Amino acid sequence: MLKKKTILDFYNMKSKGEKVAWITAYDAPIAALAETSGLDMLLVGDSLGMCVCGYDGTVPVTMEQCLHHTRAVRTGAPNTFVIGDMPFLSYQVSVEEAVRNAGRFLKEAGADAIKLEGGVRVGRQIRAIADAGIVVFGHIGLTPQSSGQMGGYKAQGRTVESARLVIQDALAVQEAGAHFLLVEGVTPEVTRVIHEHLRIPVYSIGAGPEADGQLLIVSDLLGIFQAFTPHFVKKYAHLSDDIQRAFGEYCTEVRSGVFPDPEHVYNMKEGESDKLGALEQEMFGAKS
Ligand code: KIV
């Protein structure tokens, strides 16, 4: 049986230069496939707001939704390291709320770690959650929950002034006691600097190759999400084409009576169907 990786394994991988491959997951069947395919960890991202619920961002996503999906992923992938994503307003209001909500991911949903967005401005929350004994992922750069302040989903670190802010955030996350850092939508040059100067593992989503591992959103990777495709996404499948073809064929076959065919029905036991005529007559009378 597959052994679930721990923080020690991920630190070990970093020291050996082995890259971590992880994706988001929102449900048990995909989580189970990810586990058998050898993914190193799974993030139950608040991107579920867009990928599952059809919202146009992550801001409306609630703690209850995140816990619900984290539980499903934990069930589907019992031997994979699972990270719960703290949704908007679950950690910003107070340090106490942040710790309580972070703890709920472990107690109620079986997560191994939590992730929260922000650098300098969430240092107190990171410190308190880590002090509660919880494994913490910081998340900096293009942080979708505060995309309103960024003027949209904009890459960060494209100027030296922006690079300074991103690097300050990275340092603040490490200083506050986070165990991992995720850098999103940042230029590769800036990610390289962060990766070179931080002790903790640094992972990238749309932030270039110089990191300890890569994350992609599962719906992008599989080619399911159609609303938009970020520039950094590589599609490893085009499932939306397959899904639409399958739905179309199903409609055609149902409407023309091709489905269900004899192969796709349950058969009565040997000799029983011969007696059905008598039963029908008994129950409904003779056909006129
Ligand atoms: O919610 C999510 O999937 C994320 C990734 C975009 C990093 O936070």
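Heads up, the Cβ atoms here are built off N, Cα and C, so glycines get one too.
When TrEMBL records Asp46, Glu117 as binding Mg(2+), the matching candidate from Asp27, Asp85, Asp131 it lists for that site is Asp85. Counting in whole angstrom, Ser47 (3-methyl-2-oxobutanoate binding site) lies 13 from Glu184 (active site, proton acceptor) by their C-alpha atoms. Long-range C-beta contacts of Glu184 (active site, proton acceptor), restricted to its own chain and to partners at least six residues apart, with a cutoff below 8 Å, comprise His139, Ile140, Gly141, Leu142, Thr143, Pro144, Ser204, Ile205, Gly206, Ala207. Comparing Asp46 (Mg(2+) binding site) with Lys115 (3-methyl-2-oxobutanoate binding site), their Cα atoms are 10 Å apart once rounded. Under DSSP, Lys115 (3-methyl-2-oxobutanoate binding site) is assigned to a strand (E or B) in the three-state scheme.
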